[in-house]
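Here's the structure, in structure tokens; my notes come after.
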């Protein structure tokens, strides 16, 4: 049996999924894919526009379909998912059955700092982001943990240190 090396990064907005994913893929010599970028390319519009037109439910359906399509076509990838991808039970099942799931944990303070000037996140287009982030975390944290093969805290760690922690885990799990 040929072992696939799919690595899925999940976690809240501002956890560093895309930044860490790019470096992890480079280190492991795997292809990096960002599901949000893929959705935007496929639809020809940005995520805010999709949310405005179709709502969160419409976006989550597109997200689920794009992730399923990526996994049907690609192997040996590092995939950074959107923060809410785990809300869909089919997406959770697909991720947990097709590779190793790495939950990048971030505090609310870290998320606030990293998203302070960000206008690309539809759920954070509000003046006071903290209560929104707290609500999202309360809703999503149990789902992140339910499918995570490993939890990596990102607070105060460098990208290099986080990538090394993930790589060490993958070696121990004999995926590398």
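Each residue, glycine too, has its Cβ placed from N, Cα and C.
Bear in mind that the values here come from a model prediction, so they are computed numbers and not experimental data.
Annotated features, as they stand in Swiss-Prot:
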BINDING   14, 15, 16, 17, 18, 19, 121  ATP binding site
BINDING   18  Mg(2+) binding site
BINDING   36, 60, 83, 140  substrate binding site
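In the three-state DSSP classification, residue 16 (ATP binding site) falls within coil. Taking only the Cα positions, the spacing between residue 15 (ATP binding site) and residue 140 (substrate binding site) is 13 angstrom. Within 10 Å of the Cα of residue 18 (ATP binding site), not one of the binding-site residues from the list 60, 83, 140 places its own Cα. Compute the center of the Cβ atoms of 36, 60, 83, 140, which mark the site for substrate; besides them, the chain residues with Cβ within 8 Å of that center are 13, 63, 81, 82, 84, 85, 86, 87. When the Cα atoms are compared, residue 60 (substrate binding site) and residue 17 (ATP binding site) turn out to be 18 Å apart. Among the binding-site residues 36, 83, 140, the residue whose Cα lies closest in space to that of residue 14 (ATP binding site) is 83.
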